[in-house]
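Novice: Here Swiss-Prot flags 2-145 as domain 'Clp R', drawing on sequence analysis. According to Swiss-Prot, the feature region 'Repeat 1' maps to 5-70. Sequence annotations record features per position, and here Swiss-Prot assigns region 'Repeat 2' to 80-145 based on sequence analysis. Positions annotated as ATP binding site by Swiss-Prot, on the basis of sequence analysis: 218-225, 560-567. Among the features that Swiss-Prot reports, region 'Disordered' is placed at 864-885.
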Amino acid sequence: MFEKFTEGAIKVIMLSQEEARRMGHNFVGTEQLLLGIIGQRHGIGARALKKQKVTLKKARREIELYIGRGTGFVASEIPFTPRAKRVLEMAVHEGKDLGQNFVGTEHILLALISESDGVAMRTLDKLGVNIPKLRNLILMYIEENQEEILRPLTQAEKFLLEREKKGSSTPTLDEYSENISKEAVDGKLDPVIGRDKEIHEVIKVLARRRKNNPVLIGEPGVGKTAVAEGLAQLIIAEKAPDFLDGNLLMALDLGSILAGTKYRGEFEERIKRIVEEVQNDSAIILVIDEIHTLVGAGAAEGAVDAANILKPALARGKFRCIGATTIDEYRKYIERDPALERRFQPVHVKEPTVGVTIEILLGLRSKFEEHHTLSYHDKAVEQAAILADKFIADRFLPDKAIDVLDEAGSRVRLENRRLPRGMKRLLKELQDTLRDKEESIKEHDFDIAKQLVDHEMEVRTHIRIMKQSILTNETLGLARKEIDTVLEGDVAEVIAGWTGIPVNKISDSESKRLLTMEETLHERLIGQHHAIVSVSKAIRRARVGLRNPDRPIASFIFAGPTGVGKTELTKALSEYMFGNEDSMIRLDMSEYMEKHTVAKLIGSPPGYVGYNEGGQLTEAVQTKPYSVVLLDEVEKAHPDVFNLLLQILDDGRLTDSKGRTIDFRNTMIIMTTNLGAKIIEKESGIKPKTKQDKPAFRIDESGCLGWEPTPEPIKDSALFEKVTELVNEELKEFFRPEFLNRIDEIIVFNHLTKYDIWEICGLMVKQLQKRLEEKELTLEVDVSVRNLLTEEGYDPVYGARPLRRAVMRLLEDTLAQQCLSKPLYPGTILRVSRVKEEGTLASYTNDVKVEIDYRRVDPRLLEQAEEKKEQNQEETKQNILKTDA
């Protein structure tokens, strides 16, 4: 009977026996035949069942629910049940009735559905299969696909079938390896795109008579293992050279070989058996991923490692092996052993370009869409490759782009879980319709394709209506976007989440925020308009995407006197960009004054303390690639530091002591210096404040602030330009031309005016008020106190730092004294005013006083405090009386 069966039908019989063994049954029934038809994949029967949404997983589940699992003991020969025999006989008759003198998978399926009873029919009924429709579908396929019916098996498929029939000649290898060729036949491997050159190089090495062992060398994630998988797919598709016909690729699992080797010699014995089996079977090509692990594997005291066991076989040409490892590991483990290195022929696998990566992602898109049950927009696929290449610096294409695309799908899928059940059902129906439509077009079934297009439009209309209802329902709070599609914005959000770099599109709120950036920074930094404008322009340029992508966002030198806000502007910028001023990377360059301390920036060299700890600058930027880097007091650093900065400022990159390239392209480099302070002081005519200087402030009758005419810092634009040129000249004398030439802008800071100090005093008072608010206390400072603080804290040479000392001495110390001398409760008001001179109306002393107001305090707290005070007094009296007695 079986002589008329096609190779596909024979495979169905063999697969049905395998299914019986898997389920622990000693018979092959109609249900196992059904599973064999589905598992055959290439046959018409499998295609017809797939069209009816019948999958191997669903069918197995239903069958196991119906008949359960067997005892587990299965004989070597598994007989057919009477019903299964009858079905196979009916399959022969089905072929004759259709005028065909052979039996294919379609005839077996026709016989199965002709059998009115049986587990197979009940399973199909449970899965909702329309039997008449299925029969018509099979007949249509038979009529239109005569070539497919008679499709001969490839050499590799024949070889796999023969191995299954005769039994494997490599039992040890089968136990400790995975069959890549079988996965290729089953369609489990991802498509390999853009690796034709590398696959061709591997084939050339395999064609050699001796030392025919290619080793794929490349960075992690560039697709070394994919080259081996691509070769397996070429062999299966019969597109490889003739000498590879029928060859199988087996991936060796070194970990499982090592596992369980309790006694000396067990590991060596396993390796020897595998070598013998591969040498005896010329069709086997061994694939060893991470081949450097062979060196030292299993080498206990006095034993031989796996690499030395394999050396003789690798040189003879009968043991073909494809290895894969990274460049560093090849250099570290393989190259140091010349005898092992000469047995391998390196094949370098380079990182693909962005264009090739996009092609790879487009090839993988269907796999991700099937897994995540959604669709990917073409722009999202392109952006995944472009943004991953641009912003993820420490990994390689295509691996990082694939991970971005996968996580974007996962992100959208998780968001879709919040959708109503009806929407999920419609989205699933749309995915199924799109897949069926593509299959119909491939099979030239245009009538069904037209019906599916109409159904697709109907489903999309329902989805659009439901989306509109969701968007109008504010309680769900869903964003207005395509909820069934991964868009480029989703990819940008994944990149932003990984790196902290805002690469997504600028929202309306962020656009307004960027346009008003100067106003926001002016609220914190007083009197330095030119510096704020320059920094704001750089931020806007970077956020919109107009800056040079191969350089840092911007690089500045802040030059000017001490205490005028150079470091404060950097803190304000960090708080504006990241919400926290501690987010910036700050390095005090006075710590790098000596030559040997320069190494701390990039990490100590080998042999020195802290070699593996990384550099203070490089490690910080590696952790936070989007940040503000402040090099404070840069003129105090050793000159060799500036040599390190040249590469950062020009190319946005720096190599650390471990050889890693750190990406500085998304950092803003700010260097502060006090060079030029003397020039600014001289040109503006400012002199240090002395004790003989009279207070410049006066209060008029209405209580408004005024001041006496005194020398002012630079206000004239022509004078400011002159001072800027002089400061630049001094910087040129100190720094080398190649360093200054790489700086985007040198910003000269002004001296602070009296009014600037007045404004800064207000900011300091607000900070103190905020600290007291945390203790539920209210601070009210009289304008006369603010005048006093400004008078005491104003010094044109030393900037705002004397003001901080004045606030600490006159205000904070006085408040601390009052807080300790009198009880303070939540709601207490502290009023600070200036002590007036006796007998005058508007003259004040340099002393301040604090009045405590309990009017807003909860009366119950005051009562409890009074009771406690009386109780303490009573206890004190009693103690005194006891002492006297």
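Any Cβ shown, glycine's included, is placed from N, Cα and C.
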Novice: On a count of neighbouring CB atoms within 10 A, which of the binding-site residues LYS224, LYS566 is highest?
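Specialist: Counting every other Cβ within 10 Å of each candidate, the maximum falls on LYS566.
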Novice: Tally every other Cβ atom lying within 10 Å of the Cβ atom of VAL222 (ATP binding site).
Specialist: 22
Novice: Please report the number of other Cβ atoms within 10 Å of the Cβ of GLY560 (ATP binding site).
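Specialist: By my count, 25.
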Novice: Taking the Cβ of PRO220 (ATP binding site) as centre, how many other Cβ atoms lie within 10 Å?
Specialist: 13
Novice: As a test of the contact definition, list every same-chain residue at least 6 positions from THR562 (ATP binding site) whose Cβ is closer than 8 Å to its Cβ.
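Specialist: Residues satisfying the criterion: ASN674, ALA677, TYR798, GLY799, ARG801.
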Novice: What are the DSSP helix, strand and coil residue counts for the region 'Disordered' (864-885)?
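Specialist: DSSP classes over the region 'Disordered' (864-885) add up to 21 helix, 0 strand, 1 coil.
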Novice: Using a 10 Å cut-off, grab the number of neighbouring Cβ atoms around the Cβ of GLY218 (ATP binding site), all chains included.
Specialist: 21
Novice: May I have the DSSP-based helix, strand and coil counts for the residues of the region 'Repeat 1' (5-70)?
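Specialist: Taking the region 'Repeat 1' (5-70) as a whole: 48 helix, 2 strand, 16 coil.
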